[in-house]
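Undergrad: So Swiss-Prot says this about it:
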COMPBIAS  818-827  compositional bias 'Low complexity'
DISULFID  298-310  disulfide bond
DISULFID  304-318  disulfide bond
DISULFID  389-410  disulfide bond
DISULFID  393-399  disulfide bond
DOMAIN    32-157  domain 'Bulb-type lectin'
DOMAIN    294-330  domain 'EGF-like'
DOMAIN    349-435  domain 'PAN'
DOMAIN    524-810  domain 'Protein kinase'
MOD_RES   558  phosphoserine
MOD_RES   573  phosphoserine
MOD_RES   653  phosphoserine
MOD_RES   666  phosphoserine
MOD_RES   683  phosphothreonine
MOD_RES   726  phosphoserine
MOD_RES   727  phosphoserine
MOD_RES   821  phosphoserine
MOD_RES   830  phosphoserine
MOD_RES   837  phosphothreonine
REGION    814-842  region 'Disordered'
SIGNAL    1-29  signal peptide
TOPO_DOM  466-842  topological domain 'Cytoplasmic'
């Protein structure tokens, strides 16, 4: 009996092994196709990239009423079918007889049940079929490669995009070939065939992102200024500070790329001709829409016709710009604005050119200023400076408008002005050429208004003059040049990191008067005090218009605070991201130095995590969202912004929460801006917070992205456990949090680290994964730690196999008591007798 059971078991194992050999992809999820290993739809075979993010094979669109089969690439771990590329979009197969294989000519091909060619990469490859293979990369790129030339890429799906724009993909024009890589929409949400809409970079003088319907523009972004497209509202333009960039070379090639390493973003053109940027929410199990365009009716290309400007939210939305009237009043008043507007009065330079009609007289034309505008299409470049730009336009009779942007330079327009829009908070100033009579009209109106005002002012001036004679002459008080000197020092901080053309003009940062901030905080009263930072107190305030603010006031007793405050202004004034706190302005008067931020009503993360009364407010889903949000903000600092920034003081008290408990990273006083080619730096003055500093930074002064990752790992473990890293666990021989988490991990009880207030059996695997990720982040050797993009990927990917963590860093401190946060200590100590490194605890 025992022998028969043993034989039976061996037979079953042999059968399983044979099954795996016959269909290796089903067992191991191979990522490549060779001549001898095709993919058969009838056997449900697919390719899976090594990371498990993307899958390639046959599919039928969700909700499709047909059984048509397409070949494409889609997200594997996301439960909502999200296809990012389709091969045979216009030639589907009617059944499951399709095969994907390396064809006899070495190309990747799709054939149907009758062995008819349905689709092919169609590359001229004079090689034998066994000389090529196809691999699905972790980026979602499908590559046909030549194994004779070190894997030379013969064809790739990223060079043949469909409706989705992926990280590491490029769109744009090729000056050498004349080609233009664009997105193309599906016909409908359940029909992948070629739709009516395309989107891509238009090769204008100043590149713009456009959407076309059957080659007719339906939306445009406005010109690229080096950081954003200037024709987008504020919130939409943030997208292009979040990893997108435009590049051009001397050969006419213009390309748009996405620098974000996280593949949980989806940027696609939908069948209705709308571009969406989304990111995947693991907790909500859905795609969250970040931005979309067009967004309002005013975004429609040429909505108000020639010389018409669109005002979203107003009724009617279309208005003729100053100096112009509707071309057809009846149509205009009836809501048909397509014919646009025409001039009230002809230009003087046009009359001069029309000598046959007796022209040549009259006063010179001038310009009317339109503020916060989306500039018209088809601008031309001029090398003129900001001061000379108006004259260049005025001297050219065909020039109808000009504008100046520091990132672009002088822009000129000739002929009709089309697709203008008025914004509330973004846009640039546009100057439109009008006849002198139009200027005179506005001038006369100004005189009518100003005359009585000037009269009153003259009388008041006489009274003041008479009053002044009663007093002796006194020396005029010295002009307060605090702000001017401060800004000069701040701009000096940026000069080593950026070229002059890319520097932010710090003088454009709003300046608040001291009295305004004093009034808004009720003279900095204790009841408005939100907390005490390492460099001074923070107060809640309310501006006259009702906006709530947070005011950080530099303590005069802080010897190092001025440098950190200046550094914070330099760093944060350049950053825009939904997971970073927003700087509204500053105050520099006399000895007063203050920063003004958006107010975060829920205060800081530590106020909830470590308060027994508030811990339950942060349920597990909220804590997970906070961890993900912190990662996205940190990824922006490290990779996606135009600067590379290391925070150096990431901790729970520097994570602020908005009204929806979304996290925002704050306190950039210790942040360092890196050059593009820098990966690490060192300092003789180590500043930070005990318990959050990485060992290489605390011991040797070396810091890099991985230093912030260490701090991130500590925060992860604090969020999971609801305990401070600096606190000890008496039940475990006074182990700190890292040591305690490491012990639980080795004992196979990682989920036991979770805060009992939020632990739920249904989240146990996710909690274990987060502990695992936290321990990977706090490994002692910096190179062993993941980067932030990998942390995001691990967080947002289900059923992913993670590397085992190595022992965390345990730092033994001598000569100083534990400093729990920057709120309590600012003393200097020495660590492990490293005398050259001054460590400033916060």
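Just so it is clear, glycine is given a Cβ too, placed from its N, Cα and C backbone atoms.
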Undergrad: Could you say whether, by DSSP, residue 726 (phosphoserine) belongs to a helix, a strand or a coil region?
TA: coil
Undergrad: What is the nearest of the recorded positions 393, 399, 653, 666 to residue 304 (disulfide bond), using the Cα of each?
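TA: Closest by Cα: 399.
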Undergrad: On the 0 to 100 scale, where does the mean pLDDT of the domain 'Bulb-type lectin' (32-157) fall?
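TA: Looking only at the domain 'Bulb-type lectin' (32-157), pLDDT averages out to 92.
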Undergrad: Determine, from DSSP, whether residue 666 (phosphoserine) sits in helix, strand or coil.
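TA: Reduced to three states, the DSSP call for residue 666 (phosphoserine) is coil.
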Undergrad: Give me the Cα-Cα distance between residue 399 (disulfide bond) and residue 726 (phosphoserine), rounded to a whole Å.
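TA: Per the Cα atoms, residue 399 (disulfide bond) and residue 726 (phosphoserine) stand 67 Å apart.
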Undergrad: Distance between residue 298 (disulfide bond) and residue 318 (disulfide bond) at the Cα atoms, whole Å?
TA: 9
Undergrad: For residue 389 (disulfide bond), which DSSP three-state class applies?
TA: helix
Undergrad: Given the recorded positions 393, 410, 653, 666, state which is nearest to residue 726 (phosphoserine) when distance is taken between Cα atoms.
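TA: For residue 726 (phosphoserine), the closest Cα among 393, 410, 653, 666 is found at 653.
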Undergrad: Please report the DSSP secondary structure of residue 304 (disulfide bond), reduced to three states.
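TA: For residue 304 (disulfide bond) - judged by DSSP and reduced to three states - the answer is coil.
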Undergrad: What is the number of other Cβ atoms found within 10 Å of the Cβ of residue 393 (disulfide bond)?
TA: 26
Undergrad: Using Cβ-Cβ distances, find the residues under 8 Å from residue 318 (disulfide bond) that belong to the same chain and are at least 6 apart in sequence, listing them in sequence order.
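TA: Long-range Cβ contacts: 303, 304, 305, 308, 309, 310, 311, 332, 337.
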Undergrad: Among all protein chains shown, how many Cβ atoms are found within 10 Å of the Cβ of residue 304 (disulfide bond), not counting that one?
TA: 26
Undergrad: Between the recorded positions 389, 393, 410, 666, which lies closest to residue 653 (phosphoserine), Cα to Cα?
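TA: Result: the closest of the recorded positions to residue 653 (phosphoserine) is 666.
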Undergrad: Quick one: Cα separation, residue 666 (phosphoserine) versus residue 410 (disulfide bond), in Å?
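TA: The separation of the Cα atoms works out to 36 Å.
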Undergrad: Quick one: of 653, 666, 726, which of the modified residues has the smallest count of other CB atoms within 10 A?
TA: 726
Undergrad: In Å, rounded, how far does the Cα of residue 410 (disulfide bond) sit from the Cα of residue 393 (disulfide bond)?
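TA: Cα of residue 410 (disulfide bond) to Cα of residue 393 (disulfide bond) measures 10 Å after rounding.
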Undergrad: Is it possible to list how many residues within the domain 'EGF-like' (294-330) are helical, extended or coil according to DSSP?
TA: 5 helix, 10 strand, 22 coil
